[in-house]
Amino acid sequence: MKHLLSTENLSLFDAVRVLDTAEEMSAVGEREVKKLPALRGRTVVNLFFEDSTRTRISFEAAAKRLSADVINFAAKGSSVSKGESLKDTAQTLAAMGADAVVIRHWASGAPHRLAATDWIDAAVINAGDGTHEHPTQALLDAFTMRRHWSQVNGTESTGADLKGMRVAIAGDVLHSRVARSNVWLLKTLGAEVTLVAPPTLLPIGVEHWPCKVSYNLDETLEAGIDAMMMLRVQGERMNASFFPSTREYSRRWGFDDARLRMLDDLGMKDTIIMHPGPMNRGLEISSAAADSPRSTVLAQVRNGVSVRMAALYLLLSGDSREAAPNVSQSSKETN
């Protein structure tokens, strides 16, 4: 892998490779000194044209745990706000010696454009482009699911896929780059995916995606699921009314207290509840569901650092087929 731009074209080998490397990286977070020397002397630039808290901080933590130098670039207050183009910004970063660029952009396809040009000779990681994709979010979601699925089945997670796992993704699919990346990646890993949303919040052409589509959340739950992922209603991307009211939306497509009890009533004791964040509590998910023992919300945040460490390591350390660095040995080098 030279870049990480999309999950649609990510092979099963590469997907499992990232997840397995993330397993190695997660051990770093359990140590007293949470650092490896793997990317010492490398420079990672977080190039964010959209506001972000979780993703930017997660990438920064990941890069620093690998001993890379990190430059955080926000469009607000920069030359971009004065009209500087993506090309000029990229060439400026190239002149500064950037080895990797983590880019979030409001325009779908911007990371692909950056990777396809000669503006900068650096690894490009898509941290979210418009409503298109968010590959590292999908990878950390898959990492979280794989750990849970392996625990349920009593198997090792390393080297495993998600064959047979039933995943429902509900909410604002139309504006969700997370949904798109998850559908492609989960299909590659062998999971069965069902999208649940009102017709107004489903994109044109969704019938051609490798998943099922439902308009009824209760029917989807009754059919049986192993993971329930709720998506945030992205009001900032809406310029029209996509549903009658927030109350009606919550009643029909939100994961409320009643649906939380339904999992128990249906005997689905191992079903987990996921959310990529940030959450609209009381709209797409109730506080009881978000804070329940079934919730993996905080685990997803924690796993995100490990997955992003893996992505940076595989892109910048040379041969992506090499094994992850020996954590115990590297511990001695950094102490």
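In case you wondered, yes, glycine gets a Cβ from its N, Cα and C as well.
From a predicted model like this one, the values you see are computed outputs, not experimental measurements.
Annotation comment: Swiss-Prot describes R54, T55, R104, H134, Q137, G277, P278 as carbamoyl phosphate binding site, evidence class sequence analysis. Taken residue by residue with DSSP, P278 (carbamoyl phosphate binding site) is part of neither helix nor strand, so it is coil.
The annotation L-aspartate binding site is assigned in Swiss-Prot to K82, R177, R232 on the grounds of sequence analysis. Look at R232 (L-aspartate binding site): DSSP puts it in coil.
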May I ask for the distance between R232 (L-aspartate binding site) and H134 (carbamoyl phosphate binding site), taken between their Cα atoms and rounded to an integer number of Å?
14
If you measure R54 (carbamoyl phosphate binding site) to R177 (L-aspartate binding site) at Cα, how many Å is it?
15
Taking the Cβ of G277 (carbamoyl phosphate binding site) as reference, which residues of that chain separated by at least 6 in sequence fall under 8 Å from it?
R54, R232, V297, Q300, V301
Cβ-Cβ neighbours of Q137 (carbamoyl phosphate binding site) (radius 10 Å):
27
Going by Cα-Cα distance, pick out whichever of the binding-site residues T55, R104, H134, Q137 is nearest to R177 (L-aspartate binding site).
H134
Shell of the carbamoyl phosphate site beyond R54, T55, R104, H134, Q137, G277, P278, same chain only (C-beta within 8 angstroms of their C-beta centre):
S52, S58, A127, G128, V178, P276
